[in-house]
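In what follows, a single structure is set out as structure tokens and then discussed.
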Amino acid sequence: MGNNLLKGKKGIIFGALNKDSIAWKTALQAHEDGAEFVLTNAPIAMRMGEINELAKMCNAEVIPADATSIEDLTNLFEKSMEILGGKLDFVLHSIGMSPNVRKGREYGDLNYDWFLKTLDISGLSFHKVLQTAEKTEAMNEWGSILALTYIAAQRTFPDYGDMAQAKAVLESIARSYGARFAKINKVRVNTISQSPTMTTAGSGVGGFDVFLDYAHKLSPLGNASAEDCAKYIVMMFSDYTRMVTMQNLMHDGGFSSSGITDEIIGELTK
Ligand code: NAI
């Protein structure tokens, strides 16, 4: 059950690939909470057509857009305003991909063309989304724009590879553009740093099961689920968080503040 937290609000949700996607859960939660939105993903990600299932459930239209293409993004923002009948209140950037991670390249043997792709898709695309939103004058006052990130931007995790740099760029963009958008029309820009979650992007990281289990044991509340993340996102899109901007918000069951836990001690003393 929703709480109508987003009643009357309009937006765009990037990145719902399949039912495991954090963006998929967010779309369902935002719909329950009364929002109207357009769904989007890279044209190639729509081959399986699963997004149409979600669109039906949420009464939403789908507009394909490669988040690295300014042309696609401009079309997306302009068409979304037409479809929704006005400016936007929220945007979710839920996008990540590294060819190096996907193809299992060691950190000491990276392909630099792929590294640039990682940065473009997973980092710079957030700037492109923000800049396009500004240039198309798409955002209402007090709007909220969010991107999803991971704590590997601050601490090293084996196998996260060049995604760590992309996430650091992403978080930095949220701060710089947050300062700018606040002055333009009070739009807030934040990143949410989510627990490891079993999704297509997540399971592309080597040894993900162990990683998930370790994070769960080191988090006093356990790993945050995709459903919990969706609820947090909806709250960040709501009017209850109007003064929160330029932040990297931890949504991780306490992982980032935890030194060691009894569960980890138990594992090590087995
Ligand atoms: P997912 O694989 O379901 O979503 C990633 C999405 O990025 C897919 O829908 C994919 O089509 C889209 N994408 C890739 N290239 C694109 C492009 N050029 N243009 C537009 N879209 C593109 O996986 P998940 O986990 O839901 O990922 C969403 C976000 O959450 C990502 O930013 C990810 O890094 C982040 N995150 C995920 C965690 C996890 O453990 N799964 C943990 C912390 C953050």
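Cβ atoms here come from the backbone N, Cα and C positions, even for glycine.
The active site, proton acceptor annotation in TrEMBL covers Tyr150 (among others). A sphere of 10 angstroms centred on the C-beta of Tyr150 (active site, proton acceptor) encloses 27 other C-beta atoms.
When other Cβ atoms within 10 Å of the Cβ of Tyr160 (active site, proton acceptor) are tallied across all protein chains shown, the result is 22. Taken from TrEMBL, the feature active site, proton acceptor covers Tyr160 (among others).
The NAD(+) binding site annotation in TrEMBL covers Gly15, Ser21, Ile22, Ile95, Lys167. When secondary structure is read from DSSP and collapsed to three states, Ile95 (NAD(+) binding site) falls in the coil class.
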Exercise for the section: Would you kindly give the Cα-Cα distance separating Tyr150 (active site, proton acceptor) and Ile95 (NAD(+) binding site), rounded to the nearest Å? Expected result: 12
Exercise for the section: Grab the NAD(+) binding residues from the record (Gly15, Ser21, Ile22, Ile95, Lys167) and give me their largest CA-CA distance in Å. Expected result: 18
Fill in the blank from the handout: Other C-beta atoms within 10 angstroms of the C-beta of Ile22 (NAD(+) binding site) total 25
